[in-house]
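Asker: Handing you this structure, nothing more for now.
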Amino acid sequence: MVLMIVSGRSGSGKSVALRALEDMGFYCVDNLPVELLPELARTLATRDTSAAVSIDVRNMPESPEVLETAMDHLPESFTPQLLFLDADRNTLIRRYSDTRRLHPLSSKNLSLENAIDQENELLEPLRSRADLIIDTSEMSVHELAEMLRARLLGKRERELTMVFESFGFKHGIPIDADYVFDVRFLPNPHWDPKLRPMTGLDKPVAAFLDRHTEVHNFIYQTRSYLEQWLPALENNNRSYLTVAIGCTGGKHRSVYVAEQLADYFRSRGKNVQSRHRTLEKRK
């Protein structure tokens, strides 16, 4: 497991880095006192979870030895790594001007320029010990997150999870849906007394729907649409894509179509989850 310490000058992108690490599965803590690092690591060791902790000028120990002592007392299962983010002086000034936030050292009656320079001196002990230094001067938020994934995971793209969920329109449209597809126009197994008690997960219902060309056409065209735009969605710095399929009651058609789409993208090596809202309510 890894204990990633994220530091750097204010405005260099520490919050962005912490969010990116959280998306990679790290347990993230913002501005934890250095002295508590061993305690956090011992707690997480039982969960087999890597952690990321941000340290800035506000919680920097007075002596570098305090950090070294904390590192020495980490559980053996953790490997410490220090990530330091930086940006040139003019970029930091511009970012503060854009956000209109106060610099952490501004309370010392320093000008923004002097606060940035003093912070640089205070953080030098951390910078000199960094395993990885990233200059974010020319980076966007998305580019920084992408670089971290490339450096730490060895790949550029985020593992986007596709969620296919069925629902019934009479129960309302899911508020978490990125895309909503209406399949109420497809042939309805509900009108067959033998199929009515079943769901789209049952083979007789699947066989009924599989006999209809319009069902095949809809599934094919929907998956083609998603495949066309999936690369752009994956590059949009997101973790989930939720596709909601709705029929009247959320029991037959939407369940079948959602499962068909989930199986298709799963067979293409994508991270896929499926859920069925109406069926979950019946349990």
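Placed from the backbone N, Cα and C atoms, the Cβ positions cover glycine too.
Quick paste of what Swiss-Prot says about this protein:
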BINDING   GLY8, ARG9, SER10, GLY11, SER12, GLY13, LYS14, SER15  ATP binding site
BINDING   ASP56, VAL57, ARG58, ASN59  GTP binding site
REGION    266-283  region 'RNA-binding'
Asker: If you measure from the C-alpha of ASP56 (GTP binding site), which of the binding-site residues GLY11, SER12, GLY13, SER15 fall inside 10 Å?
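Answerer: If one measures from the Cα of ASP56 (GTP binding site), no binding-site residues come within 10 Å, so the answer is none.
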Asker: For VAL57 (GTP binding site), list the number of other Cβ atoms lying within 10 Å of its Cβ atom.
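Answerer: For VAL57 (GTP binding site), the 10 Å Cβ neighbour count is 20.
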Asker: Would you list, in sequence order, the residues of this chain other than GLY8, ARG9, SER10, GLY11, SER12, GLY13, LYS14, SER15 that have their CB within 8 A of the centroid of the site's CB atoms, where the site is the one recorded for ATP?
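Answerer: Sorted by sequence, the hits are ASP56, LEU85, ALA87, THR136.
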Asker: Under DSSP, is SER12 (ATP binding site) helix, strand or coil?
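Answerer: The three-state answer is coil.
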Asker: Other than ASP56, VAL57, ARG58, ASN59 themselves, what residues in this chain have Cβ atoms within 8 Å of the centroid of the GTP site's Cβ atoms?
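Answerer: So the additional residues around the site are ASN31, ILE55, MET60, PRO104.
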Asker: Would you mind reading off the Cα separation of SER15 (ATP binding site) from ARG58 (GTP binding site), to the nearest angstrom?
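Answerer: The separation of the Cα atoms works out to 14 Å.
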